[in-house]
Amino acid sequence: MPNSASPANVSLSTRFHTWLSAVPLATRAVLLVCTAVFVLAATGAVPQIVQHGAAAPYRDLTQPWRLFTHMLIHEQLWHIVLNMMTFVPLAAASERAHGSIALVLLLLELSLLGELVHVAIAALLLAAGFPAAYYTTSIGMSGVIFSLLVISIHRTANASAANEQRSLCAIFTVPSSVYPWALLLVIQAFIPSVSFLGHLSGILVGYLFCLGLFDLIVTPQSIVSRLEGSVLSQRGGFVASSSSIASVPRSSPSSILHAFRNGLSETWASFRGGLQHLRNRLFGSSPHAHGPAYSNLPSNAPEPDVEAGASESGDKRFPGTGHRLGG
C-alpha cells in the first residue's frame, strides 16, 4: 500500500503552503498584499485602485501616498508573477540578514527614494522639452527590486558577490557587477512598454544606498528594536534584527567602478567569443580569424585555420501614457 505522505502524493496546494510558510514574515506579507491588490484590480472590485495608486511624476508630490502605493499594484498576471519570482528570494535574503522590521522599513525607503529620483529625472526631461516621461504613470515592484539587486551585489557581507556570475533569462551568464544593467536593457528590448525610468531610478538609488548616502535616513536600530516588541514578533516566520543594514560596510565609488569595468570587459570578451563560436559552427573556420577571439571557446570547439603570415590582434484618466514596472 503506497504511503500517502510520500512526495509523489503531496498535493500542489500542500507544497505551496509548505513553501509559503518557510518564507520570512515580512517577505510573505508583501507577497500576499501584492497578490490581494492584483486580485482586487483584476476583478474590478476596486476599479480605481490603479488610477489613485499609480506613481505619476506630475502628481506624486501633491499626492504623496503614490510614492509608496505604486509598488504594490500589478495589472497583468505575467507582471506580478515575474516581479514576485524575483522579489521573494532577494527580500527573503535581506530579511534573514537584517530582520523583518528592517526589511519593511527598507522597502518603504527604497520606494520613496526611487520615485523621488524618478520625478527628478522626469522633471529634467520636461524642462529639456521632453514631457512624455513627466506625464507617464507607472506601477509595480520592480523599481524596488532593482534597488535590492544592486544592494545585494555591492553592499553585502559577501565580498566576492560582485564577481559572481548570474544567469540572464536562463540563456547566458554575466558578472554580477553588470547584471542590473544587462537586465535593464534586456527587459526594455523584449517588453518596451515597461517603465525604463522607473527601473533606472531603482538602479541609481541602489548605488547611492551602497555608497552610504542614505544612511542618515535609515531607521535607527533602537527604533527597530522597539518595534520588534510588538505583537508581530510573535508571528511565525518573524526574524529579529541582528544588525542594521547601515552597519554593513559601504562600497566606495572606485570599487563599484572597478567591478563594473572588469565585469563589462569580461562580458564583452565572452560575447565576442560566443559570436565567433557561432560563426564557426554556421560557416566553418575563417582563415582570417585572429587568435585572441578564440580565447573563450570551449576545449572541444574547432580550431581556427590561420594562415602562416597572419598577424594577431494612454489612459483617459491621465494626460499621458502608462507603463508597468515589469520584469
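The first residue you see is number 1, and the count goes up from there.
Even glycines carry a Cβ here, placed using N, Cα and C.
Automatic, uncurated: that is what TrEMBL annotation is.
Features as listed in TrEMBL:
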DOMAIN    63-213  domain 'Peptidase S54 rhomboid'
REGION    293-327  region 'Disordered'
TRANSMEM  29-50  transmembrane segment
TRANSMEM  76-94  transmembrane segment
TRANSMEM  101-126  transmembrane segment
TRANSMEM  132-156  transmembrane segment
TRANSMEM  168-191  transmembrane segment
TRANSMEM  197-218  transmembrane segment
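Within the chain, the transmembrane segment (101-126) has long-range Cβ neighbours (under 8 A, six or more residues past its boundaries) at 24, 26-27, 30, 55, 57, 60-61, 66-68, 70-71, 91, 94-95, 132-134, 136, 138, 143-144, 147-148, 197-198, 200-202, 204-206, 208-209, 214, 217-219, 224, 227-228, 232, 241, 244-245. Taking the domain 'Peptidase S54 rhomboid' (63-213) as a whole, pLDDT averages 92 in the prediction.
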